[in-house]
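Read through the structure below, which is laid out as structure tokens, and then see the notes.
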Amino acid sequence: MASLFTPCSETYDLPDPLPLDGGQSLDNVRIAYETYGKLNADASNAILICHATTGDQHVASPHPITGKPGWWDKMVGAGKQIDTDRFYVICPNVLGSCMGTTGPGSLAADGKPYGLRFPVITIRDMVRAHMALLDHLGVERLYAVIGGSMGGMQALSLSVNWPDRVERVLALATTAAMPVQNIAFQEVGRQAIMADPDWQQGAYYETGRAPDAGLAVARMAAHITYLSEATLSEKFGRRLQDRDAKSFGFGADFQVESYLRYQGSSFTGRFDANSYLYITRAMSYFDLGEERFGAGHNLRLSEAFAGVKARFCVVSFDTDWLYPTSESRKIAHAVNAAGAPVSFMELAAPYGHDSFLLDVPALDRVIGGFLSR
Amino acid sequence: MKQISVKLRPDLAVIASHVAAGAKVLDVGCGDGTLMAALRDERGCDVRGLEIAPDNVAACVGQGLSAIQGDADTDLGLYPDAGFDYAILSQTLQTTKRPDIVLEELLRIGRRAFVSFPNFAHWRVRSDLLWRGRMPVTRLLPVAWYATPNIHHLTITDFRELVRERGIRVEGAWFLAGDGLIQPALANWRAEHAVFLLARDGVNPA
């Protein structure tokens, strides 16, 4: 695997180096993206969908590796809430990822994979790459930007850093500054990867070995945070896996253990460990106030939204303990205090953080309604 | 008084027809957004809502309105001073934990406030208490005492007394019975609903 993830989407090669928040710039950036629907004559119907941590550009088309339907297939398509008969939907793979967009597994100028030579990136760097793609596609002003979780961070970053380029912002299950509990969980994931001897300081691409065990553990830990106690209890409870009694060993006795092992190992087939490091790093660095005012500022979040021109819709889920309602409420009140129109609601859904990806009819209505006018 | 063409609840119709065109309005307890939509579509107002029930917020979003899910008792403090021309509180005052604090908050956030509430001194209510010795269940107070969301019943006289104590000026008062406006005489006996337009003394000189 490793650097062999072949882009099967359209790609755009940035003509200029991409400046980065870390002070460096990145040459020869390639963006892999999918589009759905048609851009109208006055380029006023474009919607940018930003994917989450380990998502990709295949929002409504089958995943090229797993063959599974697009990750938001139920929401995006002809006649669906994000109606591709009406809207031109763009979904790019984020900078640092591994589905065709330039990331640590891509080849550097010397013809070898970057590995840890890839610069640390931020959420705003990802959005800067999106903006270059929009320029290329002839989209000056988005009808809407939509994202959940890390996608929501990108949506917020776009709205405050490029306020003239978006009319509507739909931010789901997200935050304006990564909560410390999430920073902590992500550090566990990165340490699991880096503790794997096959990680080899990130230079594993051409060695025939990859830190699959570490990446699987990172995924297992993260996966728990995406679910809720209710989901785990209902789905697995304390039930045993294919056995009548505990084994008094360390096999996957419990169904939940078996499930997590499967989630971990299947993840390694579709995701690059270094990409996981870089993307979670970008998330833990995310702080919208810092993006506007630099580190150490003591301004209120509402100041960060000063001058935004979009209409906002912020949604949280009552069982999401990773990006809890309090984070969304902070965003909503800050936007409100900044004078921009904003709606906020906490929807009831049993699935924890993953609710925004799953079947929550109330969310369908909100998204359809928000985009309708 | 400019009439609004859509059919609104009578107290909302009174409010809608007295909000200045183009005003910036916060509707506290905005429900499904009926009043907000009327103010936006017919008066060109810039309207925002605060609403406790997520389904209602979703209904607002579906009409292209902006509403925040929240509680008037706890969330008004998050709104900046004088951010709105009007703050509206319709049929909600009597459900709040501290109506007096909510009232002060309305007049901090809005330069003026519309407040409407059911009058507990209406003759039918008095009659239930006097002759039957029962907490009233009427057309406008349809829920039994143990289930009603109305935890702070008040009368028109009570309300006038509160605003006088707090130095709040009454700029307008409307009284409703049987879904129509009635004259102010003996309003505390005859009115089922009251609508007040308030401002802080010393601001908004007429």
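Backbone N, Cα and C define each Cβ position, glycine as well.
Worth saying up front: this structure is predicted, and the values here are computed from it rather than measured.
Features as listed in TrEMBL:
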type	residues	note
DOMAIN	A:46-358	domain 'AB hydrolase-1'
ACT_SITE	A:S149	active site, nucleophile
BINDING	A:R219, A:D354	substrate binding site
ACT_SITE	A:D320	active site
ACT_SITE	A:H353	active site
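On the structure: features taken from TrEMBL.
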| residue | record | contacts (Cβ under 8 Å, 6+ apart) |
| --- | --- | --- |
| A:S149 | active site, nucleophile | A:A52, A:T53, A:L172, A:A173, A:T174, A:Y323, A:H353, A:F356 |
| A:R219 | substrate binding site | A:T54, A:G189, A:Q263, A:G264, A:F267, A:T268, A:F271 |
| A:D320 | active site | A:A173, A:S228, A:G352, A:H353, A:S355 |
| A:D354 | substrate binding site | A:Y226, A:L227 |
Next item on the list: Could you check what DSSP calls A:D354 (substrate binding site) once collapsed to helix, strand or coil?
Entry: helix
Check: By the DSSP assignment reduced to helix, strand and coil, which category contains A:D320 (active site)?
Finding: coil
Notebook entry, point to check: Is A:R219 (substrate binding site) helix, strand or coil when read with DSSP?
Noted result: helix
